[in-house]
Amino acid sequence: MAVPGAFVSSILLLLASAAVAEIQFSEIRSDDRPIIPLDDFGFTHRGWLELNVSGIALSKAGLELGNLGFFLCTRDSWLNVLKELEEEDITCALQSSHVKHVFTFEKLGQRTSFDVEFDQEDANQYTLIFANCLQQQLRVSMDVRSAMYNLDGKSGRRDYLSAGKTILPRVYYLFSLIYFVLAGLWVYVLYKKRLTVFKIHFFMLAVLIMKGLNLLCEAEDKSYIKRTGSAHGWDVLFYIFSFLKGITLFTLIVLIGTGWSFLKPYLQDKEKKVLMIVIPLQVVANIAQVVVDETGPYGQDWVTWKQVFLLVDVVCCCAVLFPIVWSIKNLREAARTDGKAAVNLMKLTLFRQYYIVVICYIYFTRVVVYALETITSYKYLWTSVVAAELATLAFYAFTGYKFRPEAHNPYFAIDDEEEEAAAEALKLEDEFEL
Ligand SMILES: *[C@@H]1O[C@H](CO)[C@@H](O)[C@H](O)[C@H]1NC(C)=O
(Lines of atoms letter the chains of each structure in order from A and count residues from 1; the text may use other names and numbers.)
(Lines give C-alpha, C1' and ligand atoms only; values in the text may rest on other atoms or scores of the structure.)
Protein backbone atom coordinates (compact mmCIF):
# COMPACT_ATOMS: atom_id res chain seq x y z
CA MET A 1 0.00 0.00 0.00
CA ALA A 2 1.54 3.30 -1.07
CA VAL A 3 0.91 5.47 1.95
CA PRO A 4 2.18 8.76 0.39
CA GLY A 5 -0.36 8.48 -2.41
CA ALA A 6 -3.15 7.86 0.04
CA PHE A 7 -1.92 10.74 2.12
CA VAL A 8 -2.05 13.19 -0.77
CA SER A 9 -5.52 12.01 -1.71
CA SER A 10 -6.65 12.35 1.85
CA ILE A 11 -5.49 15.95 2.01
CA LEU A 12 -7.45 16.58 -1.15
CA LEU A 13 -10.40 14.87 0.43
CA LEU A 14 -10.24 17.17 3.45
CA LEU A 15 -9.69 20.31 1.38
CA ALA A 16 -12.67 19.78 -0.82
CA SER A 17 -15.48 21.04 1.33
CA ALA A 18 -17.82 21.86 -1.53
CA ALA A 19 -20.27 19.08 -2.04
CA VAL A 20 -20.77 18.65 -5.76
CA ALA A 21 -24.23 17.36 -6.22
CA GLU A 22 -25.02 16.37 -9.73
CA ILE A 23 -25.02 13.24 -11.73
CA GLN A 24 -21.32 12.87 -12.41
CA PHE A 25 -19.54 11.20 -15.26
CA SER A 26 -15.90 10.32 -14.78
CA GLU A 27 -13.65 8.73 -17.35
CA ILE A 28 -10.83 6.82 -15.77
CA ARG A 29 -8.06 5.84 -18.17
CA SER A 30 -5.09 3.57 -17.37
CA ASP A 31 -5.12 4.93 -13.87
CA ASP A 32 -2.97 3.41 -11.12
CA ARG A 33 -3.83 5.86 -8.34
CA PRO A 34 -4.46 3.90 -5.11
CA ILE A 35 -7.37 6.14 -4.14
CA ILE A 36 -9.61 7.95 -6.60
CA PRO A 37 -12.20 10.16 -4.89
CA LEU A 38 -15.16 10.68 -7.20
CA ASP A 39 -17.89 12.71 -5.62
CA ASP A 40 -19.24 14.15 -2.36
CA PHE A 41 -22.77 14.17 -1.15
CA GLY A 42 -24.69 15.03 2.00
CA PHE A 43 -27.22 12.25 2.59
CA THR A 44 -30.35 12.43 4.67
CA HIS A 45 -31.58 9.16 6.14
CA ARG A 46 -33.36 8.39 2.85
CA GLY A 47 -30.36 8.61 0.58
CA TRP A 48 -29.48 6.55 -2.47
CA LEU A 49 -26.42 6.04 -4.60
CA GLU A 50 -26.80 4.82 -8.15
CA LEU A 51 -23.58 3.67 -9.70
CA ASN A 52 -23.25 2.60 -13.34
CA VAL A 53 -19.81 1.53 -14.44
CA SER A 54 -19.05 0.41 -17.97
CA GLY A 55 -16.10 -0.28 -20.24
CA ILE A 56 -14.05 -1.81 -17.46
CA ALA A 57 -10.58 -2.81 -18.67
CA LEU A 58 -7.82 -4.04 -16.37
CA SER A 59 -4.21 -4.09 -17.52
CA LYS A 60 -3.71 -7.60 -16.09
CA ALA A 61 -5.90 -10.64 -15.67
CA GLY A 62 -6.01 -13.26 -12.95
CA LEU A 63 -5.36 -11.01 -9.96
CA GLU A 64 -7.17 -11.11 -6.62
CA LEU A 65 -9.87 -8.46 -7.27
CA GLY A 66 -11.22 -8.20 -3.71
CA ASN A 67 -8.84 -5.30 -3.17
CA LEU A 68 -10.41 -3.29 -5.94
CA GLY A 69 -13.70 -1.50 -5.58
CA PHE A 70 -15.97 1.40 -4.70
CA PHE A 71 -16.85 2.46 -1.19
CA LEU A 72 -18.47 5.34 0.69
CA CYS A 73 -16.69 7.02 3.55
CA THR A 74 -17.27 10.04 5.78
CA ARG A 75 -14.47 12.44 6.55
CA ASP A 76 -14.12 11.30 10.16
CA SER A 77 -14.05 7.64 9.30
CA TRP A 78 -11.47 8.37 6.60
CA LEU A 79 -9.14 9.63 9.31
CA ASN A 80 -9.67 6.34 11.14
CA VAL A 81 -8.92 4.41 7.98
CA LEU A 82 -5.67 6.34 7.54
CA LYS A 83 -4.71 5.55 11.10
CA GLU A 84 -5.37 1.86 10.60
CA LEU A 85 -3.30 1.91 7.42
CA GLU A 86 -0.45 3.63 9.20
CA GLU A 87 -0.51 1.14 12.07
CA GLU A 88 -0.64 -1.64 9.47
CA ASP A 89 -3.81 -3.15 10.93
CA ILE A 90 -5.06 -3.29 7.37
CA THR A 91 -3.33 -3.08 4.00
CA CYS A 92 -6.20 -1.70 1.98
CA ALA A 93 -8.89 0.86 2.73
CA LEU A 94 -11.47 -1.67 1.56
CA GLN A 95 -10.60 -3.93 4.50
CA SER A 96 -11.51 -1.33 7.09
CA SER A 97 -14.74 -1.64 9.02
CA HIS A 98 -15.16 2.15 8.84
CA VAL A 99 -16.05 2.19 5.16
CA LYS A 100 -19.26 1.12 3.42
CA HIS A 101 -18.65 -1.21 0.52
CA VAL A 102 -20.63 -0.38 -2.59
CA PHE A 103 -19.06 -2.83 -5.01
CA THR A 104 -15.89 -4.88 -5.08
CA PHE A 105 -14.57 -6.23 -8.36
CA GLU A 106 -14.47 -9.89 -7.29
CA LYS A 107 -18.23 -9.86 -7.97
CA LEU A 108 -17.57 -8.78 -11.52
CA GLY A 109 -16.80 -12.17 -13.04
CA GLN A 110 -16.45 -11.95 -16.83
CA ARG A 111 -18.53 -8.78 -17.18
CA THR A 112 -17.13 -5.39 -18.21
CA SER A 113 -19.93 -3.32 -16.73
CA PHE A 114 -22.21 -3.31 -13.72
CA ASP A 115 -25.01 -1.25 -12.16
CA VAL A 116 -25.66 -1.02 -8.45
CA GLU A 117 -28.07 0.84 -6.28
CA PHE A 118 -26.99 1.45 -2.73
CA ASP A 119 -29.36 2.40 0.05
CA GLN A 120 -27.71 4.92 2.36
CA GLU A 121 -29.63 5.35 5.60
CA ASP A 122 -27.10 7.02 7.88
CA ALA A 123 -27.42 10.74 7.41
CA ASN A 124 -23.98 12.25 6.86
CA GLN A 125 -21.70 13.67 4.23
CA TYR A 126 -20.04 10.86 2.30
CA THR A 127 -17.41 10.71 -0.39
CA LEU A 128 -17.58 8.06 -3.07
CA ILE A 129 -14.12 6.59 -3.50
CA PHE A 130 -12.54 4.02 -5.76
CA ALA A 131 -9.69 2.08 -4.19
CA ASN A 132 -7.09 0.14 -6.13
CA CYS A 133 -4.83 -1.64 -3.68
CA LEU A 134 -3.05 -3.52 -6.47
CA GLN A 135 -1.84 -0.34 -8.06
CA GLN A 136 1.75 -1.52 -8.57
CA GLN A 137 0.61 -4.10 -11.05
CA LEU A 138 -2.71 -2.87 -12.23
CA ARG A 139 -3.98 0.02 -14.30
CA VAL A 140 -7.71 0.50 -14.48
CA SER A 141 -9.86 2.04 -17.21
CA MET A 142 -13.61 2.56 -16.89
CA ASP A 143 -16.47 5.01 -17.33
CA VAL A 144 -18.22 5.84 -14.10
CA ARG A 145 -21.64 7.41 -13.79
CA SER A 146 -22.57 8.22 -10.23
CA ALA A 147 -25.85 9.72 -9.11
CA MET A 148 -26.51 10.44 -5.46
CA TYR A 149 -29.83 11.69 -4.23
CA ASN A 150 -32.16 11.87 -1.26
CA LEU A 151 -35.81 11.00 -1.39
CA ASP A 152 -38.01 13.88 -0.42
CA GLY A 153 -39.86 13.43 2.88
CA LYS A 154 -43.44 13.75 1.67
CA SER A 155 -43.54 13.39 -2.09
CA GLY A 156 -40.83 10.74 -2.25
CA ARG A 157 -39.31 12.52 -5.26
CA ARG A 158 -35.61 12.48 -5.94
CA ASP A 159 -33.60 15.48 -4.74
CA TYR A 160 -30.17 15.63 -6.31
CA LEU A 161 -28.97 18.50 -4.14
CA SER A 162 -26.86 17.66 -1.14
CA ALA A 163 -28.62 17.82 2.24
CA GLY A 164 -27.27 21.28 3.16
CA LYS A 165 -27.96 22.76 -0.24
CA THR A 166 -31.45 21.66 -0.96
CA ILE A 167 -32.99 25.04 -0.07
CA LEU A 168 -30.50 26.98 -2.21
CA PRO A 169 -32.83 27.46 -5.20
CA ARG A 170 -35.29 29.26 -2.93
CA VAL A 171 -32.51 31.38 -1.41
CA TYR A 172 -31.30 32.45 -4.85
CA TYR A 173 -34.82 33.21 -6.09
CA LEU A 174 -35.44 35.36 -3.05
CA PHE A 175 -32.23 37.34 -3.46
CA SER A 176 -32.74 37.83 -7.19
CA LEU A 177 -36.20 39.19 -6.43
CA ILE A 178 -34.67 41.63 -3.94
CA TYR A 179 -32.23 42.88 -6.59
CA PHE A 180 -34.97 43.36 -9.16
CA VAL A 181 -36.98 45.34 -6.63
CA LEU A 182 -33.88 47.44 -5.88
CA ALA A 183 -33.37 48.01 -9.62
CA GLY A 184 -36.99 49.23 -9.87
CA LEU A 185 -36.43 51.51 -6.91
CA TRP A 186 -33.25 52.84 -8.50
CA VAL A 187 -35.08 53.63 -11.75
CA TYR A 188 -37.59 55.57 -9.69
CA VAL A 189 -34.82 57.51 -7.93
CA LEU A 190 -33.13 58.28 -11.26
CA TYR A 191 -36.42 59.58 -12.63
CA LYS A 192 -37.14 61.71 -9.57
CA LYS A 193 -33.67 63.23 -9.42
CA ARG A 194 -33.10 63.33 -13.17
CA LEU A 195 -31.48 66.77 -13.03
CA THR A 196 -28.61 65.57 -10.86
CA VAL A 197 -28.08 62.16 -12.44
CA PHE A 198 -24.59 61.29 -13.72
CA LYS A 199 -23.54 58.57 -16.11
CA ILE A 200 -22.27 56.48 -13.22
CA HIS A 201 -25.83 56.16 -11.90
CA PHE A 202 -26.92 54.37 -15.06
CA PHE A 203 -23.91 52.13 -14.72
CA MET A 204 -25.06 51.28 -11.19
CA LEU A 205 -28.43 50.26 -12.62
CA ALA A 206 -26.67 47.93 -15.04
CA VAL A 207 -24.73 46.37 -12.15
CA LEU A 208 -27.94 45.77 -10.20
CA ILE A 209 -29.64 44.13 -13.17
CA MET A 210 -26.62 41.90 -13.88
CA LYS A 211 -26.58 40.78 -10.28
CA GLY A 212 -30.30 40.03 -10.36
CA LEU A 213 -30.01 38.03 -13.59
CA ASN A 214 -26.97 36.20 -12.28
CA LEU A 215 -28.89 35.09 -9.20
CA LEU A 216 -31.94 34.15 -11.26
CA CYS A 217 -29.80 31.88 -13.47
CA GLU A 218 -28.15 30.37 -10.44
CA ALA A 219 -31.57 29.67 -8.96
CA GLU A 220 -32.76 28.02 -12.20
CA ASP A 221 -29.51 26.06 -12.46
CA LYS A 222 -29.81 24.74 -8.91
CA SER A 223 -33.50 23.97 -9.19
CA TYR A 224 -32.93 21.94 -12.38
CA ILE A 225 -30.10 20.07 -10.70
CA LYS A 226 -32.33 19.45 -7.70
CA ARG A 227 -35.06 17.90 -9.83
CA THR A 228 -33.16 16.14 -12.60
CA GLY A 229 -29.51 15.94 -11.61
CA SER A 230 -28.25 18.17 -14.40
CA ALA A 231 -28.46 21.86 -15.20
CA HIS A 232 -30.04 21.71 -18.68
CA GLY A 233 -27.97 24.59 -20.01
CA TRP A 234 -28.76 27.02 -17.22
CA ASP A 235 -25.19 26.69 -16.05
CA VAL A 236 -24.03 28.30 -19.32
CA LEU A 237 -26.31 31.30 -18.80
CA PHE A 238 -25.20 31.42 -15.21
CA TYR A 239 -21.53 31.61 -16.26
CA ILE A 240 -22.29 34.35 -18.78
CA PHE A 241 -24.06 36.52 -16.24
CA SER A 242 -21.45 35.76 -13.57
CA PHE A 243 -18.89 37.08 -15.97
CA LEU A 244 -20.86 40.23 -16.81
CA LYS A 245 -21.63 40.78 -13.15
CA GLY A 246 -17.97 40.40 -12.17
CA ILE A 247 -16.77 42.83 -14.80
CA THR A 248 -19.42 45.45 -14.17
CA LEU A 249 -19.03 45.28 -10.40
CA PHE A 250 -15.25 45.66 -10.41
CA THR A 251 -15.47 48.43 -13.02
CA LEU A 252 -18.04 50.20 -10.90
CA ILE A 253 -15.84 50.04 -7.81
CA VAL A 254 -12.93 51.46 -9.82
CA LEU A 255 -15.06 54.20 -11.39
CA ILE A 256 -16.56 55.26 -8.08
CA GLY A 257 -13.11 55.13 -6.54
CA THR A 258 -11.77 57.51 -9.15
CA GLY A 259 -14.73 59.83 -8.73
CA TRP A 260 -15.46 59.50 -12.41
CA SER A 261 -18.45 61.51 -13.65
CA PHE A 262 -19.40 63.08 -10.34
CA LEU A 263 -16.00 64.54 -9.39
CA LYS A 264 -14.43 64.69 -12.86
CA PRO A 265 -15.51 63.75 -16.37
CA TYR A 266 -12.37 61.89 -17.45
CA LEU A 267 -10.08 59.13 -16.21
CA GLN A 268 -6.35 59.60 -15.67
CA ASP A 269 -3.93 57.28 -17.41
CA LYS A 270 -3.04 55.30 -14.31
CA GLU A 271 -6.72 54.84 -13.53
CA LYS A 272 -7.34 53.51 -17.01
CA LYS A 273 -4.45 51.13 -16.44
CA VAL A 274 -6.16 49.71 -13.36
CA LEU A 275 -9.23 48.99 -15.48
CA MET A 276 -7.06 47.42 -18.15
CA ILE A 277 -5.61 45.08 -15.53
CA VAL A 278 -8.85 44.27 -13.76
CA ILE A 279 -11.00 43.48 -16.80
CA PRO A 280 -8.71 40.84 -18.41
CA LEU A 281 -8.09 39.34 -14.96
CA GLN A 282 -11.83 38.99 -14.53
CA VAL A 283 -11.89 37.05 -17.78
CA VAL A 284 -9.23 34.68 -16.41
CA ALA A 285 -11.04 34.42 -13.07
CA ASN A 286 -14.25 33.44 -14.81
CA ILE A 287 -12.59 30.80 -16.96
CA ALA A 288 -11.00 29.37 -13.83
CA GLN A 289 -14.38 29.42 -12.10
CA VAL A 290 -16.02 27.50 -14.93
CA VAL A 291 -13.31 24.83 -14.91
CA VAL A 292 -13.44 24.54 -11.11
CA ASP A 293 -17.22 24.16 -11.09
CA GLU A 294 -17.41 21.77 -13.99
CA THR A 295 -14.65 19.37 -12.97
CA GLY A 296 -15.65 19.11 -9.33
CA PRO A 297 -13.19 18.93 -6.43
CA TYR A 298 -11.61 15.69 -7.60
CA GLY A 299 -10.93 16.63 -11.20
CA GLN A 300 -7.35 16.36 -12.43
CA ASP A 301 -6.54 20.08 -12.55
CA TRP A 302 -8.97 21.22 -9.93
CA VAL A 303 -6.35 22.39 -7.44
CA THR A 304 -4.39 24.35 -10.09
CA TRP A 305 -7.46 26.16 -11.37
CA LYS A 306 -8.69 26.86 -7.87
CA GLN A 307 -5.34 28.46 -7.10
CA VAL A 308 -5.45 30.49 -10.33
CA PHE A 309 -8.90 31.70 -9.35
CA LEU A 310 -7.87 32.67 -5.81
CA LEU A 311 -4.73 34.45 -7.01
CA VAL A 312 -6.51 36.44 -9.72
CA ASP A 313 -9.30 37.30 -7.34
CA VAL A 314 -6.87 38.64 -4.74
CA VAL A 315 -5.05 40.72 -7.40
CA CYS A 316 -8.35 42.20 -8.62
CA CYS A 317 -9.45 43.00 -5.09
CA CYS A 318 -6.17 44.80 -4.37
CA ALA A 319 -6.17 46.63 -7.70
CA VAL A 320 -9.59 48.18 -7.16
CA LEU A 321 -8.36 49.78 -3.93
CA PHE A 322 -5.69 51.90 -5.64
CA PRO A 323 -8.02 54.42 -7.33
CA ILE A 324 -9.77 55.05 -4.02
CA VAL A 325 -6.45 55.71 -2.30
CA TRP A 326 -5.40 58.06 -5.13
CA SER A 327 -8.68 59.94 -4.85
CA ILE A 328 -8.25 60.35 -1.11
CA LYS A 329 -4.75 61.76 -1.69
CA ASN A 330 -5.95 64.15 -4.38
CA LEU A 331 -8.79 65.41 -2.24
CA ARG A 332 -6.41 66.07 0.61
CA GLU A 333 -4.07 68.03 -1.70
CA ALA A 334 -6.98 69.97 -3.16
CA ALA A 335 -8.26 70.88 0.29
CA ARG A 336 -4.93 72.48 1.10
CA THR A 337 -4.73 74.54 -2.08
CA ASP A 338 -8.18 75.63 -3.18
CA GLY A 339 -9.50 76.87 0.15
CA LYS A 340 -12.75 74.91 0.07
CA ALA A 341 -11.84 72.80 3.06
CA ALA A 342 -15.37 71.86 4.10
CA VAL A 343 -16.41 70.60 0.70
CA ASN A 344 -13.28 68.55 0.37
CA LEU A 345 -13.50 67.20 3.88
CA MET A 346 -16.97 65.87 3.14
CA LYS A 347 -15.80 64.17 -0.01
CA LEU A 348 -12.77 62.90 1.85
CA THR A 349 -14.93 61.37 4.55
CA LEU A 350 -17.12 59.76 1.92
CA PHE A 351 -14.17 58.23 0.12
CA ARG A 352 -12.64 57.04 3.39
CA GLN A 353 -15.89 55.32 4.28
CA TYR A 354 -16.07 53.80 0.86
CA TYR A 355 -12.52 52.53 1.14
CA ILE A 356 -13.26 50.83 4.46
CA VAL A 357 -16.53 49.36 3.21
CA VAL A 358 -14.86 47.93 0.10
CA ILE A 359 -12.19 46.33 2.27
CA CYS A 360 -14.80 44.89 4.64
CA TYR A 361 -16.82 43.57 1.71
CA ILE A 362 -13.81 41.88 0.13
CA TYR A 363 -12.63 40.49 3.44
CA PHE A 364 -16.05 39.16 4.38
CA THR A 365 -16.91 37.56 1.05
CA ARG A 366 -13.46 36.02 0.57
CA VAL A 367 -12.25 35.08 4.05
CA VAL A 368 -15.16 34.94 6.49
CA VAL A 369 -17.44 33.11 4.06
CA TYR A 370 -14.73 30.57 3.26
CA ALA A 371 -14.12 29.99 6.97
CA LEU A 372 -17.85 29.60 7.55
CA GLU A 373 -18.06 27.08 4.73
CA THR A 374 -15.23 25.07 6.25
CA ILE A 375 -16.49 24.97 9.82
CA THR A 376 -20.23 24.52 9.31
CA SER A 377 -21.66 21.05 9.22
CA TYR A 378 -22.68 19.73 5.78
CA LYS A 379 -26.30 20.15 6.84
CA TYR A 380 -25.94 23.93 7.07
CA LEU A 381 -23.83 24.67 4.00
CA TRP A 382 -26.51 27.10 2.81
CA THR A 383 -25.72 29.45 5.72
CA SER A 384 -22.43 30.51 4.14
CA VAL A 385 -24.25 31.30 0.88
CA VAL A 386 -26.80 33.39 2.77
CA ALA A 387 -24.03 35.20 4.67
CA ALA A 388 -22.19 36.03 1.44
CA GLU A 389 -25.35 37.24 -0.27
CA LEU A 390 -26.35 39.38 2.71
CA ALA A 391 -22.90 40.98 2.78
CA THR A 392 -23.11 41.65 -0.96
CA LEU A 393 -26.57 43.13 -0.59
CA ALA A 394 -25.35 45.39 2.21
CA PHE A 395 -22.45 46.51 0.03
CA TYR A 396 -24.72 47.31 -2.92
CA ALA A 397 -27.13 49.16 -0.67
CA PHE A 398 -24.35 51.20 0.92
CA THR A 399 -22.85 52.12 -2.47
CA GLY A 400 -26.23 53.09 -3.89
CA TYR A 401 -27.20 55.14 -0.85
CA LYS A 402 -23.93 57.01 -0.43
CA PHE A 403 -23.51 57.84 -4.11
CA ARG A 404 -27.16 58.42 -4.97
CA PRO A 405 -28.09 61.40 -7.16
CA GLU A 406 -28.95 64.32 -4.91
CA ALA A 407 -31.11 67.31 -5.69
CA HIS A 408 -29.60 69.50 -2.99
CA ASN A 409 -25.91 69.20 -3.17
CA PRO A 410 -24.83 69.56 0.45
CA TYR A 411 -21.41 70.70 -0.68
CA PHE A 412 -22.63 74.22 -1.38
CA ALA A 413 -24.69 74.95 1.71
CA ILE A 414 -21.92 75.68 4.15
CA ASP A 415 -21.29 78.76 6.27
CA ASP A 416 -17.98 80.30 7.30
CA GLU A 417 -17.91 78.73 10.72
CA GLU A 418 -18.17 75.26 9.32
CA GLU A 419 -15.54 76.16 6.77
CA GLU A 420 -13.09 77.13 9.53
CA ALA A 421 -13.83 74.02 11.56
CA ALA A 422 -13.22 71.90 8.49
CA ALA A 423 -9.92 73.63 7.77
CA GLU A 424 -8.85 72.82 11.31
CA ALA A 425 -9.91 69.22 10.89
CA LEU A 426 -7.94 68.95 7.69
CA LYS A 427 -4.80 70.20 9.43
CA LEU A 428 -5.27 67.44 11.96
CA GLU A 429 -5.82 65.00 9.10
CA ASP A 430 -2.38 65.72 7.73
CA GLU A 431 -0.83 64.27 10.84
CA PHE A 432 -2.48 60.92 10.21
CA GLU A 433 -1.59 59.34 6.97
CA LEU A 434 -3.90 56.76 5.51
C1 LIG B 1 -27.87 2.67 -13.62
O2 LIG B 1 -28.17 1.63 -12.70
C3 LIG B 1 -29.48 1.70 -12.15
C4 LIG B 1 -29.60 0.66 -11.07
O5 LIG B 1 -29.25 -0.60 -11.44
C6 LIG B 1 -30.50 1.53 -13.29
O7 LIG B 1 -31.81 1.55 -12.77
C8 LIG B 1 -30.29 2.65 -14.28
O9 LIG B 1 -31.15 2.50 -15.39
C10 LIG B 1 -28.85 2.70 -14.77
N11 LIG B 1 -28.66 3.90 -15.54
C12 LIG B 1 -27.99 3.96 -16.70
C13 LIG B 1 -27.88 5.29 -17.36
O14 LIG B 1 -27.46 2.98 -17.19
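From the backbone N, Cα and C atoms, a Cβ is placed for every residue, glycine too.
The signal peptide annotation in TrEMBL covers 1-21.
If you look up TrEMBL, you'll see 27-150 marked as domain 'CAND6/7 N-terminal'.
Look at TrEMBL and you will find 169-409 tagged as domain 'GOST seven transmembrane'.
Annotated transmembrane segment per TrEMBL: 171-191 (among others), in sequence order.
Within the chain carrying the transmembrane segment (198-216), a Cβ under 8 angstroms from the stretch's Cβ atoms is held by residues 172-173, 175-176, 179-180, 182-183, 186-187, 190, 238, 241-242, 244-245, 248-249, 251-252, 255-256, 260-262, 389, 392, 396, 399-400, 403-405, all 6 or more beyond its ends. According to TrEMBL, the transmembrane segment annotation covers 198-216 (among others).
Through the fold, the transmembrane segment (236-262) approaches residues 198-200, 203-204, 206-207, 210-211, 213-214, 217-218, 220-221, 268, 271, 274-275, 278-279, 282-283, 285-286, 289-290, 316, 319-324, 326-327, 347, 351, 354, 358, 399, 403 of its own chain, all at least 6 residues removed from its boundaries and within a Cβ separation under 8 Å. What TrEMBL lists as transmembrane segment is 236-262 (among others).
Marked as transmembrane segment by TrEMBL: 274-292 (among others). Within the chain carrying the transmembrane segment (274-292), a Cβ under 8 angstroms from the stretch's Cβ atoms is held by residues 239, 242-243, 246-247, 250-251, 254, 267, 299, 301-302, 305-306, 308-309, 312-313, 315-316, 319-320, 322-323, all 6 or more beyond its ends.
Here TrEMBL flags 304-326 (among others) as transmembrane segment.
The transmembrane segment annotation in TrEMBL covers 354-372 (among others).
Positions annotated as transmembrane segment by TrEMBL: 378-398 (among others).
Contact count against the transmembrane segment (171-191) (Cβ pairs under 8 Å) is highest for 378-398, out of 304-326, 354-372, 378-398. Tertiary neighbourhood of the transmembrane segment (354-372): same-chain residues 253, 256-257, 313-314, 317, 320-321, 324-325, 328, 383-384, 387-388, 391-392, 394-395, 398-399, 402, selected by CB-CB distance under 8 Å and a gap of 6+ residues from either end. With a cut-off of 8 Å between Cβ atoms, the residues of this chain six or more beyond the transmembrane segment (378-398) that come close are 19, 42, 124-125, 162-165, 167-168, 171, 175, 178-179, 182, 207-208, 211, 215, 357-358, 361, 364-365, 368-369, 372.
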